[in-house]
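Note sheet for the following structure.
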Amino acid sequence: MPKKSKAQIKRLAKRAEARGEVYEPPLEELSSNNKLLAARQLQQELTSIEKDDTMKAKDRRSAKRKAEAIALEKTGCSADELLAWYKEQKEEDRPETNSNNKKKTEDTQHDKRKIPYILFIGQLSYDTTKESLLQHFQTELADDGFDVNEQTCQIRLLTDPKTKKSRGMAFVELSTPELMHACLKLHKTMLEGRRINVEKSAGGGKHSEQRKEKLKTFRTQQEEYIESMVAKMIDEYKQKGEIQDGELDEGVIALCQRHSGAVVQAALERYVDSNGREMDNPSAYLSFLLGKLAHEGIYDSEKGKKILKSDSDRPPKRVRSN
């Protein structure tokens, strides 16, 4: 930076005095950080002045000269020199900035990969193994197009530290949020004679208040989802005229909400196909179907396909009396 003459310093001091300020001659070696800050402020002020449509041309010129004079006092450079230097600095720093941005992006992606998608599985049979639980997920999600295997669905079965026997609980870490939400639909499905719970893991300590609140929120959300899912299924049959308003009582609808969506859908399908409305008690018949499907399962273990109809679906026939 060229050294200022006494005349320049005197003129700058007079300008500062006219503004009610005290001029301090810059140090011989102004730090690059201060110079960078002054350049950035100058550019921002000039841009702001240009964008201000309320200013008259005369006022705009005056504001620019004032901003340039302040920058000159801070750096000892003219406005043109300072802005040219600032432009060079930005161009020199661009590769580093790009590299930093790339690193930030990679770090963000890495952090996203580290976010666990964990479910808590409860009410398992003490005889249920990791293999049988994995097979349950594979079977139930077979028609949804998910690749469920030991890599995408990592199961940690909780065992007693002394006896090494199952405690009837497990944590399941899924590879994607989509797979996690698909597994949540298996809440209340039957596995080895038990209706299992599938819930989001709240994390935290066992007695943590935050954990309790998170669990409460998760369960409320899950209950609301199940209620809306059951209502939507029944409404679809109502719209087609296959189920009438008031045909099913609140008790059986509440029972539907205790079962998985797959069981409810299969039970409603069989109810309609079997003309359940002709039974003395349609709600009792649907309750029978729900219990039967939940206990026996929806899939044919030999063919690996869903059973849509069965002659054994109907309980002892009782026709309405005229």
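In case you wondered, yes, glycine gets a Cβ from its N, Cα and C as well.
Bear in mind that TrEMBL entries carry predicted annotations, made automatically and left uncurated.
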Segment assigned the feature region 'Disordered' in TrEMBL (from 1-21, 22-42, 211-231, 274-294): 1-21
Residue counts (helix, strand, coil, in that order) that DSSP gives for the region 'Disordered' (45-64): 15 helix, 0 strand, 5 coil
Summary of DSSP states over the domain 'RRM' (117-203), given as helix, strand and coil counts: 22 helix, 30 strand, 35 coil
